[in-house]
Amino acid sequence: MPKVKRSRKAPPDGWELIEPTLDELDQKMREAETEPHEGKRKVESLWPIFRIHHQKTRYIFDLFYKRKAISRELYEYCIKEGYADKNLIAKWKKQGYENLCCLRCIQTRDTNFGTNCICRVPKSKLEVGRIIECTHCGCRGCSG
């Protein structure tokens with residue numbers, strides 16, 4: 001994967017508070033990308049990458065929207081630099097999508113019947129004891 005070019009502009013105030021966590025998640029992402037995939041299905045090798053991407057984006061989202069711990073300028077800097085996924089955050093702000101795992105799970109064009117992923121089905125509508133696992137990202141149910 002090519003190295004992402006970061007802007008030459010200095011980060012806004014407050015960056016030094018969130019930088020260690022983002023660096024730690026970047027390190028986890030690099031480990032997940034280089035992890036051997038022998039013995040796994042093709043789709044299973046991408047699941048850790050999706051989880052870390054979700055974790056990074058949720059971290060930025062919670063800091064800005066829930067805890068109000070970072071400024072709008074720093075939030076926009078994180079989105080512009082690729083630390084958070086703005087499309088996923090836009091979905092999290094909508095009712096019913098607060099716990100969405102990834103954007104692939106709501107794209108209907110990727111399925112045979114034009115429906116959402118199995119992880120978007122509420123647990124109350126599934127059979128009791130049935131364990132589900134999303135083929136896209138490995139989610140076990142993000143609809144509630």
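In case you wondered, yes, glycine gets a Cβ from its N, Cα and C as well.
Within the list Lys9, Lys28, Lys125, the entry that Swiss-Prot describes as N6-acetyllysine is Lys125.
With a 10 A radius on its CB, Lys125 (N6-acetyllysine) counts 7 other CB atoms from all the protein chains.
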